[in-house]
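**Q** Please find one structure pasted underneath; my questions will follow.
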Amino acid sequence: MLPFVTKAASLLLLAAGVPVLADRSASSNPPAFRSTPIRNQFIIQYQDGLDPVARQTHQNQVHAVARASGRYRGVIRNFAIGPFSGFHGELDAQQVAALNRSTLIKRIQPDATVRVSSPLHLNHHVRVRDTSGAADASNIRTVQTATWGQARISHRLPNANSFVYERGGATAYIIDTGILVTHSEFAGGRAVWGANFVNTVDTDEDGHGTHVAGTVGGLTYGIAPKTRLVALKVFDGNGHGTWSGILSAISWASNETDARGGGSLSVINLSLGGDYNAVINDAVSAAVLHHNITVVTAAGNENRNTSAVSPASCPDAIAVGATDSADARASFSNWGPAMAVFAPGVDILSAWITPGANATARLTGTSQASPHVAGLAAYFMGLDGPHTPAEMRRRIDGFATLGRVQDPGPGSPNRIAFNGNALEVNQV
């Protein structure tokens, strides 16, 4: 008999941050986030590679039985990511027990609702500056008034003020709270709406996703300003979401990528996480290995081993820890050999949702570190063309600045992400 997971679903959190007030220490830990299982709702994972016809037939049967009771909705959502497949449903205990005995089923776990604590925030207007910069014959661009995160990504040493990059961009799926696509950071159609897996409000009601998107590919604050940003909303304005919504978003991104024929030109950013979850890890692996999507994820904010966290523990994802402007590992950042690289994650300035289309905020968390690396992946794709996820991992590792992270944590790779700025690529 396959094991039936009766334990409450694992803690799910937006691994990213909170806006930092001027009088608040930038190294303060982001708040914890809580999740609770949803009564009678489960995520059912099929055995890998189950025939689509057999899968659909089985789901139809499950749905019919559940609906016949008059009390349960049956199959609500289904997922298909390469050989990974499954569904989310509302089922009674007897039906779940029967599914647990089925040879078609690999895993069953409760779905969970997530609630994010309301963050503190500091908003202010900015004028979007000209990011065209100075160009030479090699098409290298320099922005002299960069954020510290942009500057750190494009220089070997800390405390630089400029952002040096070359033109380029790909497609980045932002699985988060949505994106305020009308923000000035996304002028010219940089951001588009993809899908909504949590409610019917097709915009960012929280701000977190807009901030993340701005760091990936915003006009002013982006690591890859030419990136096409796609909003996949899995958290609402109160910070609520579900594991099943996240699975649906990964499935949507995988299928949309295939439809565009652009797997090796696509990246998913997951600035979220929770306790180890084999279903989530399997879904991420399927997106990477079977759809050629580079998946970048926050390492987590609990100052613990990343191997205990999903999706950061997935060996096929690029898990990112957070550093501050002095190249010290942030006090909250997770650590360990499952991590791939560090990136700026403390007091990060980017787009925000209010007040107005030029709003900004400073946030802290590994959620802010992850989009620096997702942006870096999109930048490399736009610069040099398609990369498989394995090629991208090697490139990020190969360009990284080595040995500068203070207290990286046991087993952590001592690497800070770097964009290969040709003006100083060989500097130590």
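Glycine too: its Cβ is placed from the backbone N, Cα and C atoms.
Remember, predicted model here, so these are calculated numbers, not experimental data.
Feature table excerpt (TrEMBL):
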ACT_SITE  ASP176  active site, charge relay system
ACT_SITE  HIS208  active site, charge relay system
ACT_SITE  SER367  active site, charge relay system
DOMAIN    42-116  domain 'Inhibitor I9'
DOMAIN    174-396  domain 'Peptidase S8/S53'
SIGNAL    1-22  signal peptide
**Q** Count the Cβ atoms, other than its own, that fall within 10 Å of the Cβ of HIS208 (active site, charge relay system), considering every protein chain shown.
**A** 31
**Q** Under DSSP, the domain 'Inhibitor I9' (42-116) has how many residues in helix, strand and coil?
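**A** With helix first, then strand, then coil, the domain 'Inhibitor I9' (42-116) has 26 helix, 31 strand, 18 coil.
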**Q** Count the Cβ atoms, other than its own, that fall within 10 Å of the Cβ of ASP176 (active site, charge relay system), considering every protein chain shown.
**A** 31
**Q** In angstrom units, rounded to an integer, how far apart are the Cα atoms of SER367 (active site, charge relay system) and HIS208 (active site, charge relay system)?
**A** 9
**Q** Given ASP176 (active site, charge relay system) and HIS208 (active site, charge relay system), what distance in Å do their CA atoms have, once rounded to a whole number?
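**A** Spelling it out, the Cα of ASP176 (active site, charge relay system) and the Cα of HIS208 (active site, charge relay system) are 7 Å apart.
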**Q** Which number gives the other C-beta atoms within 10 angstroms of the C-beta of SER367 (active site, charge relay system), all protein chains shown included?
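**A** Within a 10 Å radius of the Cβ of SER367 (active site, charge relay system) lie 35 other Cβ atoms.
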